[in-house]
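**Student:** Next up is a structure, given as structure tokens.
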């Protein structure tokens, strides 16, 4: 309960922005039922729904993990710059997606005009700022992990998850941007599965999904490590971080080389 209270005490702006993202999800879902317009064969309001969930969980996760920073970290310049960047990036990404959906046009890979292309490129820059913010907070958690009274395995799992989100997301997003969507599923038309991933020939969006959610996945290993001796638990977390990075790289390589998605990522959906 103390950690949840910390979310709104230390980062009220970021926390409430995350809550707002989630509250708007059902609004966009209803708009998708009312508005029959489509973009690439899918509801024009589908992306605000998907990104609202993802961004809302992302922001609340970041706010939650600040509980593991050193006392007084919130008064540091690096922290204030990190939060300012996250708020600015969130505002731009949200408005950019919402306006594209309202107009019934593609947001990503929209180069129909110079203005659309510039807006898309700027969105890419702000996306980097988002994951860079996660990396910055991760470094802060890592520095605090050696303080007396800290569970190093749990703190390390949080730090590794936050820090890995940055390079893994850059890798997968960079490949998607470089390919223009040709690898890992076409940007054209609906795809099978809950997340719309293309099964045959692989899909870079699957690798991108796991890359951006490293900050939520790896702390789960830290919870498992609580039941183990301290040294063993810390090694479990480190091996899990290496394995997770390898898993994302494997998915990305499979998509680039045209390999089908693993069945385990398809059958539940």
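Backbone N, Cα and C atoms are what each Cβ position is placed from, and that goes for glycine too.
TrEMBL does not curate its annotations; it predicts them automatically.
Quick paste of what TrEMBL says about this protein:
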type	residues	note
TRANSMEM	12-31	transmembrane segment
TRANSMEM	51-70	transmembrane segment
TRANSMEM	77-98	transmembrane segment
TRANSMEM	118-141	transmembrane segment
TRANSMEM	153-178	transmembrane segment
TRANSMEM	206-228	transmembrane segment
TRANSMEM	235-256	transmembrane segment
**Student:** With the transmembrane segment (12-31) as the reference, find which of 51-70, 118-141, 153-178, 206-228, 235-256 contributes the most Cβ pairs under 8 Å.
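**Tutor:** Top-ranked stretch among 51-70, 118-141, 153-178, 206-228, 235-256: 51-70.
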**Student:** So, taking each listed stretch (51-70, 118-141, 153-178, 235-256) in turn and counting its Cβ pairs to the transmembrane segment (206-228) that are under 8 angstroms, which one gives the highest count?
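**Tutor:** By Cβ pairs under 8 Å, 153-178 leads among 51-70, 118-141, 153-178, 235-256.
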**Student:** Hey, does the transmembrane segment (235-256) touch the transmembrane segment (51-70), meaning at least 3 C-beta pairs closer than 8 angstroms, sequence gap 6 or more?
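**Tutor:** By the criterion, they do not touch.
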